[in-house]
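Residues or ranges marked as domain 'ATP-grasp' in Swiss-Prot (evidence: sequence analysis): 100-295. Positions annotated as ATP binding site by Swiss-Prot: 127-180. For 249, 262, the entry in Swiss-Prot reads Mg(2+) 1 binding site. Marked as Mg(2+) 2 binding site by Swiss-Prot: 262, 264.
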């Protein structure tokens, strides 16, 4: 097939997108596909024309315009199949303030939060206690994520978010271990337990620096806890109207309470990223995972 590989973009996660796309291109070519790159570095001009002349689009964008559903809407207009979720599900999952309301309404635990659409007053306090996390309302890869332990650290953390993003989310830090779990098709994958380096948390540096975190797959959890993580992951995937694949990130508290932090509709896709690790645990190497995502995308498009 002629595959349009969409990567890069204008978000703060551009470099991550391009790095992952190189491995995807290699896998696509190994599968026998012809690959053309499309990089919406500053705009989406030309995407409709490019998509119309290709059999499939593989999206590897992070943040806008890929995770917010804009590219998916344009591909739908062009009649070009693609992997993963459609426009509505993509938007719902990317917008933490919206997705957290939906998840909580349906009984899925998620940390309390304060949403900010603009810089607050200098003396603003979220009333959530300390420590807490400050992060962009829309975005991934833990960019601009700050752990704030004292009130005087709140304003600089918010400024770091608003310097790059238009909206912020503030959440209390919940003590526990970090767990992530992917979905492929209609199946939850084996969860991963993440142990950041001593004294750190799983931020952008931990994710993309060798040795920044230890990722244990499958997670060394009791069978009933693993089953619970997988059940909640599938429920969240379906509640948000997602398809193809996704990845849910959690904090598992010592008492067994499982708090869903966010759901990613375009999770990292380097061969050593989290979802590819989980797929490998069930016998799918990286090219086989890419082939499965294409198959799911073609099926969703009725091809």
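In case you wondered, yes, glycine gets a Cβ from its N, Cα and C as well.
These numbers come from a predicted model, not from an experiment.
For the binding-site residues 134, 155, 169, 264, a Cα-Cα cutoff of 10 angstroms around residue 249 (Mg(2+) 1 binding site) retains 264. Between the binding-site residues 127, 176, 176 has the most other Cβ atoms inside 10 Å of its own Cβ, all protein chains included. Nearest neighbour of residue 262 (Mg(2+) 1 binding site) by Cα distance, taken over the binding-site residues 127, 148, 162, 169: 169. Cβ packing within 10 Å was compared across the binding-site residues 134, 148, and the lowest neighbour count falls to 148. Cα spacing between residue 134 (ATP binding site) and residue 264 (Mg(2+) 2 binding site): 18 Å, rounded to the nearest whole number. Distances between the Cα of residue 264 (Mg(2+) 2 binding site) and those of the binding-site residues 162, 169, 176 are shortest for 169. Across the residues of the domain 'ATP-grasp' (100-295), the predicted structure has a mean pLDDT of 92.
Residue 155 (ATP binding site) counts 17 other C-beta atoms within 10 Å of its own C-beta, drawing on all protein chains shown.
Classification of residue 176 (ATP binding site) by DSSP places it in coil, neither helical nor stranded.
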